[in-house]
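Taken verbatim from TrEMBL:
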type	residues	note
ACT_SITE	C168	active site, glycyl thioester intermediate
BINDING	19-24, D43, 51-54, K67, 112-117	ATP binding site
BINDING	C153, C156, C431, C434	Zn(2+) binding site
COMPBIAS	608-621	compositional bias 'Basic and acidic residues'
DOMAIN	3-432	domain 'THIF-type NAD/FAD binding fold'
DOMAIN	309-368	domain 'Ubiquitin-activating enzyme SCCH'
DOMAIN	441-533	domain 'Ubiquitin/SUMO-activating enzyme ubiquitin-like'
REGION	532-574	region 'Disordered'
REGION	602-630	region 'Disordered'
Amino acid sequence: MASEEQLKTIEGAKVLMVGAGGIGCELLKTLALSGFRDIHIIDMDTIEVSNLNRQFLFRQSHVGQSKAKVARDAVLKFRPNINITPYHANVKDPMFNMEFFKDFNVVLNGLDNLDARRHVNRLCLAAEVPLVESGTTGFLGQVTVHVKGKTECYECQPKPTPKTYPVCTITSTPSKFVHCIVWAKDLLFAKLFGDRTRENDLYVRSSDADGSVKHSEDIFEQSADEDLEQYGRKIYDNIFGHSIEATLSNEETWRNRNKPKPIYIRDVLPHKFAKPNGSSEENCANDDTNISAMASLGLKNPQDVWSLEESTRIFMEALRLFNEKRKKDVGSLIFDKDDQLAVEFVTAAANIRASSFGIPLHSLFEAKGIAGNIVHAVATTNAIIAGLIVIEAIKVLQGDAKKYRMTYCVEHPLRKMLLMPVEPFEPNKSCYVCSETPLLLEVNTRRSKLRDVVEKIVRSKLGMNFPLIMQGSNLIFEVGDDLEEDIAASYASNLEKVLSELPAPVTGGTMLTVEDLQQEFSCNINIKHREEFDEETEPDGMVLSGWTPAAPTEKAAHAISNGEGTSSAPPGTSEAEIVDDVEIVPAQTDVPVGTKRKLTEILNSKDGGSDDVRQGKRAIEVDDNGGDDDVVLMLEENPEKKKRLQ
């Protein structure tokens, strides 16, 4: 039972919840039943059928409605006398600024992506509001406490990065089904249904290819005299037939590899494609994201592995449905794991490519898990983590810093314990977010454009949404709706200029100041000129250091982009493991030792004392997987020196 003092603290607190999904539903319920009376919820998502098995505040009738608003209404039915304010919005919207965050006593995160987590972390630091973070995946979960100046911030420890695959592996020499998924999702789907003006490496080949395959864009354009059947056959033959033949022309490439087999549609479907009897357009849902090639062809079980012929039929039917039923979307589509037709197309294309390269085929269920980086959630874990969030929130509200704990929920008992509490650590002195340590960017200043730095570094790695870039006192780039037209045009023109040719030239030895006024965050970047970069290991053509980038995790990630952050895993784990048809992703880094102190040692030390060795502690990092919650990865304890967890 809570003491009278605790009850007063709880009842008088104003709490902000970010996220009303798997953890959020459990958290809102637990907050309400624990006595909290003023709760605000931000969530931009609407309810989907796939949420209903674990997000217990929602019902079938709520599908399509705001998660935040429905969650509020559901809880008020059993706690009618409390105040719950929902916001059906993105936490990165301008209205949720530092002043908004200052209005709360504590912020509780139940988010599902790294970008939003970093955004909230920075606003909490700026507003000096405590943050309680959380994440779950399957039976694993974690809760961490972040208080400015007392504990490390969310970004003090680097986060996991998905593995990136060399373009040549994806386009020419795939050896795993995940390579085929990346090709189908990030290259083929994007080329056919996305923005065709964007750079796309779909036809990168071996260096000795004789160029006999058509390169031109008209492969993907439907000519006036082509019907959809002819258009689909042309695309099929080019990407699965002619293009494969072109890669075979380089004998050196296949000296130690199994050669792929070109596949032409006439060999799979010799006659004009026709839907089987009994199939009907009526089987396709009216909702665009639920239009289904499987339903149209009479295929029902997503766990069946399609044959090459079935994959070809799905490929052709999905292409037809996109161009007939969703014509208005073609040209702007981005792959979405909840878009049934998109998943069917990617699965079919990946299976046809896998068949060509002698790679085992996969079911739609398996392919969706790989393409969407899905790790299935367990409702009980969400409930446990929600309870731990509330416990830490109460400690934070009481200012009881010595009792703060980062708690990890593990799948198998460790020393007969399923919950592993660890004392928080002090802020990382080299953290570029909370300690303002300068970063170092190695870049060819005579070749790279400002756009490259903005997109690959400022937005992608540093997570800034509305960046402002200064070289000394000169403003060289800014984003904002309130800019005058001529100024906005000037900044836009700077994007296309080489760094050394900007109005305020950026060369070796220059320092850039980068700010995001919405996040109330800024950092300095020292520039070091470098002539050459390795295309495979440094595909961005620039290297950011000072933020300890991670060893990559093995995951179906974008084939060409770089991720950010690090994670760790037990020694001896190097390949991705498949458990319950889901790709569980290990990663590898070393345990950082000798640099941090326990929070209690800081609080008990008058002058801060000397650094103690952080050895023997079990550390766990969240791997943002883009799914419902977060993958939790664990480090083995240091066998040389073990400490009992409290």
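Each Cβ is built from the backbone N, Cα and C atoms, and glycine gets one as well.
Overlay of TrEMBL annotations on the structure.
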residue	record	Cβ contacts under 8 Å, 6 or more apart
G19	ATP binding site	I42, D43, N109, G110, L111, D112
N53	ATP binding site	A379
D115	ATP binding site	K92, G463
C153	Zn(2+) binding site	N121, L125, H146, P427, C431, V433, C434
C156	Zn(2+) binding site	F425, P427, N428, C431, V433, C434
C-alpha of G22 (ATP binding site) to C-alpha of the residue listed as 'active site, glycyl thioester intermediate': distance in Å? 38
What other residues of this chain sit with their CB within 8 A of the center of the CB atoms of C153, C156, C431, C434, the recorded Zn(2+) site? L125, E152, Y154, E155, P427, N428, V433, S435
For G22 (ATP binding site), just count the other CB atoms lying within 10 A of its CB, please. 27
Least surrounded among the recorded positions, given as C168, C431, C434, when other CB atoms within 10 Å are counted: C168
Using a 10 Å radius around its CB, how many other CB atoms surround D112 (ATP binding site)? 20
Across every protein chain in view, the count of C-beta atoms other than its own within 10 A of the C-beta of D43 (ATP binding site) is 25
Could you give me the DSSP helix, strand and coil counts for the domain 'Ubiquitin/SUMO-activating enzyme ubiquitin-like' (441-533)? 24 helix, 30 strand, 39 coil
What mean pLDDT does the predicted model reach across the domain 'Ubiquitin/SUMO-activating enzyme ubiquitin-like' (441-533)? 90
